[in-house]
Amino acid sequence: MTVKTETAAGASTLTYSKMRGMVALLIAFMKQRRMGLNDFIQKIATNSSYACKPSEVQSILNISPPQEPELLNENSSPPPSPSQQINLGPSSNPHAKPSDFQFLKIIGKGSFGKVLLARHQADEKFYAVKVLQKKAILKKKEEKHIMSERNVLLKNVKHPFLVGLHFSFQTTSRLYFILDYINGGELFYHLQRERCFLEPRARFYAAEIASALGYLHSLNIVYRDLKPENILLDSQGHIVLTDFGLCKENIEPNGTTSTFCGTPEYLAPEVLHKQPYDRTVDWWCLGAVLYEMLYGLPPFYSRNTAEMYDNILNKPLQLKPNITNSARNLLEGLLQKDRTKRIGAKNDFMEIKNHIFFSPINWDDLINKKITPPFNPNVSGPSDLQHFDPEFTEEPVPNSIGQSPDSILITASIKEAAEAFMGFSYAPPMESYL
């Protein structure tokens with residue numbers, strides 16, 4: 001079977017075998033994207049078939065799972081059970097409990113739990129509820145990251161392109177984040193369907209993403225995990241960033257950090273080199289996402305992860321001629337391997353904002369959502385789940401998620417020396433409910 005396709009250069013022949021190869025490439029790409037970075041790297045590192053790879057790349061692959069110094073448990077004894085470790089103290093929202101909600105559908109999954117569509121029994125509003133298993137968090141010593149995510153969420157209420165936290169609470173076994181419900185679908189989902197976007201649409205999304213990143217940077221927060229899976233579209237088509245588990249707080253304008261974390265396709269060269277890095281890693285990721293929106297795959301993508309890492313470190317950026325000069329210039333600046341020469345290295349978001357590629361954007365109108373999005377997800381209401389993966393929505397909701405007998409609710413009377421999730425529960429000031 002042969003298919004004829006017309007291109008700017010004329011007619012070309014696309015064989016069936018080539019089509020199968022392209023499909024296989026995309027399927028492999030999507031599967032790898034769903035795998036956790038640590039687990040994936042460990043699988044690669046222990047695979048003898050990579051023994052002959054360049055030493056530079058091999059040194060990257062042969063690492064143990066990264067941990068921040070502050071995440072290391074100084075006490076070598078087994079951790080207490082979750083119920084013993086928690087102390088809510090003077091909880092701001094002592095009355096919130098799982099049975100306040102009707103849990104309707106599973107709409108996502110992560111390393112430590114699920115995200116569910118839920119309706120509050122009292123006000124009948126819809127929320128996305130992120131439910132995390134304490135046991136899994138404590139086992140991997142990720143409690144500081146979870147608390148960091150909560151802290152970042154509390155600061156998001158002032159920005160239109162960051163998902164907001166309404167309140168949080170916990171039981172002996174689970175943590176509950178009550179978040180904005182966003183049902184326009186992941187950017188990843190829409191890229192899967194459409195392969196790539198026209199430049200005006202990509203510019204609109206990149207501008208809203210850059211605005212959100214700039215706001216986080218103004219709070220001395222580095223996002224570190226920008227990728228299409230973490231970028232949602234709301235019901236009107238505006239961008240909403242979510243998943244702040246890898247955010248790093250307290251990074252001053254000239255400050256650095258060194259934790260090896262992120263998603264393979266979007267790791268900046270300095271992260272792969274295991275060098276100290278700064279907030280410019282977010283601008284590298286913005287460049288990678290913009291490239292993917294325009295071309296359909298990340299800039300240095302390969303099915304072979306070792307080869308992809310080598311590409312990120314050493315291969316020159318290749319740009320096809322079907323984009324404008326301003327887009328080309330921005331991509332070259334964002335995907336600059338030397339972070340000191342990267343766009344954003346000197347004046348952070350202001351450099352991105354003032355780039356000629358964004359000259360059609362009125363930034364005041366953008367932040368006030370006065371610009372009509374180039375794409376409308378056309379959702380009929382909160383119960384419209386057309387943009388969620390059926391793999392999630394068709395799974396039954398566990399009954400235990402919505403159960404909250406008095407005996408398992410954490411109260412302020414529980415006091416232990418090791419307080420892993422102290423202060424997790426949160427409720428906004430009373431006037432926020434009015």
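Even glycines carry a Cβ here, placed using N, Cα and C.
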Site-mate of Ile107, Gly108, Lys109, Gly110, Ser111, Phe112, Gly113, Lys114, Val115 for ATP in Swiss-Prot, selected among Lys97, Lys125, Lys130: Lys130
Asp225 (active site, proton acceptor) CB neighbourhood, other CB atoms within 10 A: 21
Number of Cβ atoms other than its own within 10 Å, given for Ser111 (ATP binding site): 14
Maximum Cα-Cα separation (Å), residues Ile107, Gly108, Lys109, Gly110, Ser111, Phe112, Gly113, Lys114, Val115, Lys130 listed as binding ATP: 15
Cα separation, Gly113 (ATP binding site) to Asp225 (active site, proton acceptor) (Å, whole number): 19
Chain-internal residues near Gly113 (ATP binding site), provided their CB is under 8 angstroms and they sit 6+ positions away: Lys130, Val131, Leu132, Gln133, Ala136, Arg174
